[in-house]
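**Student:** I'd like to ask you about the structure that follows.
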Amino acid sequence: MGFLACALLVVATAHAATAIVNPETCEIGSNFKNYCNNCYCFDGVMDHALCTRESCDRNVWNEDGTRKFPKPGKWISEKENKKNDEPCTPGENFKYYCNDCQCLDGLRAHAMCTRMRCDRNVFNEDGTRKYPEPEKWNSEKERKKSDESCAPGASFKYYCNSCTCGAEGKVAEAQCTSQECDRYKWKKDGSKRPFTLDPVLHD
C-alpha cells in the first residue's frame, strides 16, 4: 500500500471516531479553497478534507478563498516620490504611503525615505490606511472577554496556555501563562487539533 493510501486510511479511521461537525459535501478528488488554505476532498465530506494549515485572517479572506481587499501590490512609493515637486520643511518628518521620510533640503523629491513596498489599495499618500488594520487573533484577548465560569483554585487549559481559576470563579479573571497560541493547532480546551481538520474552526 502506497504512502498516500496509508495516510488517507489513517485519516479516515481517525475521523470515523469523531462526530461530523461540518456535514457539507464536496466532489471526491476536487480541490477547493477554505479562506487562505488549499484543500483536497478525498471522501466526499468537506469536514474530512486534507487542508493546509495557514492562519487565515478573516478580516482579509472570505470563506471561498477570495480576498475582501485587493492583493498587495509591488509598487514602490519612493519611485513616485522622486517626481514630487511639493515643498517640505528641512528636518521635518512625514509619511509617504507606508514609508517614513525626512525632508532634507525643502523638496519632498529629495527627502530621505524608507523603501518599503507600499500597497496603494491599502495606504493613502499621507500614510493613513484606507481601511482598519486587521487585528491579530490572540487567545488572551479572547479569554478576557469570556463569560465562562470555572471552579476557584482549579487548573485548566485555555488553548496552549495553563490557567488557575481565581476566587472570582471566572475564566476571564484566571491567572494564565501568556504563550501565543495558534488556534489552527489548538482547541480551546487545550487539546490539539487533528492535522486534517477543516480550517473552519468549531469550538
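Along the chain as shown, the residues are counted starting at 1.
In case you wondered, yes, glycine gets a Cβ from its N, Cα and C as well.
Feature list, courtesy of Swiss-Prot:
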type	residues	note
COMPBIAS	129-148	compositional bias 'Basic and acidic residues'
DISULFID	Cys26-Cys41	disulfide bond
DISULFID	Cys36-Cys56	disulfide bond
DISULFID	Cys39-Cys51	disulfide bond
DISULFID	Cys88-Cys103	disulfide bond
DISULFID	Cys98-Cys118	disulfide bond
DISULFID	Cys101-Cys113	disulfide bond
DISULFID	Cys150-Cys165	disulfide bond
DISULFID	Cys160-Cys181	disulfide bond
DISULFID	Cys163-Cys176	disulfide bond
DOMAIN	85-121	domain 'Pacifastin 2'
DOMAIN	147-184	domain 'Pacifastin 3'
REGION	129-150	region 'Disordered'
**Student:** List every residue in the same chain as Cys165 (disulfide bond), at least 6 positions away in sequence, whose Cβ is under 8 Å from its Cβ.
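**Tutor:** Cys165 (disulfide bond) has long-range Cβ partners Cys150, Ala151, Pro152, Gly153, Ala154, Ser155, Phe156, Val171, Ala174.
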**Student:** Counting all other Cβ atoms within 10 Å across every protein chain shown, which of the disulfide-bonded residues Cys41, Cys51 scores highest?
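**Tutor:** Max Cβ neighbours within 10 Å, all protein chains included: Cys51.
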**Student:** Please give me the CB contact count at 10 A for Cys160 (disulfide bond), counting all chains in the structure.
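**Tutor:** Counting Cβ neighbours of Cys160 (disulfide bond) within 10 Å gives 17.
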**Student:** Which is it, of Cys56, Cys118: the one of these disulfide-bonded residues whose Cβ has the most other Cβ atoms within 10 Å?
**Tutor:** Cys118
**Student:** To the nearest whole angstrom, what is the C-alpha distance linking Cys41 (disulfide bond) and Cys98 (disulfide bond)?
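**Tutor:** A Cα-Cα distance of 40 Å.
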**Student:** Secondary structure at Cys41 (disulfide bond) (DSSP, helix/strand/coil)?
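**Tutor:** DSSP call for Cys41 (disulfide bond): coil, neither helix nor strand.
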**Student:** Which residue counts does DSSP give the domain 'Pacifastin 3' (147-184) for helix, strand and coil?
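**Tutor:** Its residues divide into 3 helix, 12 strand, 23 coil.
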**Student:** Give the three-state DSSP assignment (helix, strand or coil) for Cys101 (disulfide bond).
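**Tutor:** The three-state answer is strand.
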